[in-house]
Amino acid sequence: AAPRPAHGCGSGALLGRFGVLLQALLALCAFSTLMLKRFKEPKAERRPWRIWFYDTSKQAIGALFIHFANVFLSDLTEEDPCSLYLINFILDATLGMLLIWLGVKVVSWIVQHKKYTYLVFGEYGDPPQAAAWIGQCILYLLIMVFEKTVISLVLLIPGWTKLQQILLGYIPNPQLELVLVMFVVPFIVNAIMFWVVDSLIMRKYKQKDTLDINGSTETPRARRTEESQVLLSPDMDFDQSESDQDISGLRGTNQKMKQPSYQVVI
């Protein structure tokens, strides 16, 4: 086998003790952004913990698949595995993100066209069904397999070797290179990706219109505005019985005005 280059991390560094520690720390920090995103949601739209777990666990399964696929692909050649992992990761965060978005859109259209309600991303039924979550996990994992396959084909294009030589070649310390490749860069990019993908596959909050007694459509915001105007109106502090008497008096006056009058002329 050809010798490893002098710079960069060595063979098996990604799965070594220090590499595994960095990966565990990365997973903890990256998924904390999803928890932060839940608390940033308005209280009226905030997902219950069970729904939040169903939504984010799909990303966890997909991220684990992509991560271990990148680790496996990075150790296939005699090149610097850290540089190869970083190239895979950058492609996943750019071209791969576009492929994931396209895959979610296509799958969502097919599922809605076929009227498979429980396979719509973010819809789990009432009460939430684990079967719907499993089906959506399988669909999302298939999207990630498609994305990784395309990225692997892109890596077969000549020219990536020169990029990996200049990408991390100026870092002499292998452990520093491992920290940059396995923690710093993935944490920043994963935080953005998790936030975007979670917004893409979660259930969209929709205000349901309500029908009033006259049959007209009234949104909750309009209803709350009307109620606040009524409560703040200074003319609404009179007694209900007095208002009923006034209304009955007005009705009597109107009826008298409507009755025709006759005069007898001799």
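We count from 1, first residue shown onward.
Glycine is no exception: its Cβ is also placed from the backbone N, Cα and C atoms.
All annotation found in TrEMBL is predicted automatically rather than curated by experts.
The transmembrane segment annotation in TrEMBL covers 20-39, 85-111, 132-158, 178-197. The compositional bias 'Acidic residues' annotation in TrEMBL covers 236-245. Residues or ranges marked as region 'Disordered' in TrEMBL: 236-266. Annotated compositional bias 'Polar residues' per TrEMBL: 251-266, in sequence order.
Non-local neighbours of the transmembrane segment (85-111) in the same chain are 14, 66, 70-71, 73-74, 119-121, 139-140, 143-144, 146-148, 150-151, 154-155, 160, 163-164, 167-168, 180-182, 185-186, 189, 192-193, 196-197, 200-201; each lies 6+ residues outside the stretch with a CB under 8 Å from one of its CB atoms. Away from its own ends, the transmembrane segment (20-39) comes close to residues 46-47, 52, 56, 59-60, 63, 67, 178-179, 182-183, 186-187, 190-191, 194-195, 198 of its chain (Cβ-Cβ under 8 Å, at least six residues beyond either end).
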